[in-house]
Amino acid sequence: MASSNLLTLALFLVLLTHANSSNDASFNVETFNKTNLILQGDATVSSEGHLLLTNVKGNEEDSMGRAFYSAPIQINDRTIDNLASFSTNFTFRINAKNIENSAYGLAFALVPVGSRPKLKGRYLGLFNTTNYDRDAHTVAVVFDTVSNRIEIDVNSIRPIATESCNFGHNNGEKAEVRITYDSPKNDLRVSLLYPSSEEKCHVSATVPLEKEVEDWVSVGFSATSGSKKETTETHNVLSWSFSSNFINFKGKKSERSNILLNKIL
């Protein structure tokens, strides 16, 4: 009888340990405030509760701002080979002084916890080199106003996937963005809609996040503006929600639990 009780307790502890070993995350920001953000560079929050990434003084040259959610997000649990899926929705407005000569754009990014701003300009405050740099541990979805396209960048400003999107035509208009990551398929998908013009843009790529970013990341935004008055633009994020969850990735969680149970039995 005692042996049976011990076995039941052992089973419970194994299942409890693995049920709680990964950390799901969820938040919804309808109005930004400085208490739930890590602000870097020129980034600030307006009195209306909007996230202002660049040009806080108005048409500021060579401006750069980054803002990340204050709590780290777990992407990978190596103890059970479990990778998180996630989805994020946000709205933004980019306003260029001269739509024929604007720079550089805005990005949603996963960066290392404690990351500091990188180079300005086309590097968007996220990278220090043009070439692939595995040590960057950064994956970004870039809304590139120079090339008028959406990019998926993995540890480099050289994109692994692009799709044209006319930011100039929609200058100053609100954009609605949804990004999803399906961990079993390593599938990263981006959808953008401008309600005012009904223009839609889509891009996707295969990104094995467990190889490209650290297990815990900071999620948020980065933007840079041009180095001359005629190339300046503002980048404002109006709302943001994010949700991540761990699923039974390729059956490995169950396999590991079974191994542990077999050892007990």
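For all residues, glycine too, the Cβ spot is worked out from N, Cα and C.
Noted in Swiss-Prot for the protein shown:
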type     : residues      : note
SIGNAL   : 1-21          : signal peptide
CARBOHYD : Asn33         : N-linked glycosylation site
CARBOHYD : Asn89         : N-linked glycosylation site
CARBOHYD : Asn128        : N-linked glycosylation site
DISULFID : Cys165-Cys201 : disulfide bond
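Sequence features annotated in Swiss-Prot and their locations in the structure.
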residue : record                      : Cβ contacts under 8 Å, 6 or more apart
Asn33   : N-linked glycosylation site : Val45, Gly49
Asn89   : N-linked glycosylation site : Glu176, Val177, Arg178, Ile179, Ser239, Trp240, Ser241
Asn128  : N-linked glycosylation site : Lys118, Leu119, Ala136
Cys165  : disulfide bond              : Phe143, Asn148, Arg149, Ile150, Leu192, Glu199, Cys201
Field: Cβ atoms near Cys201 (disulfide bond) (within 10 Å, other residues, all chains)
entry: 21
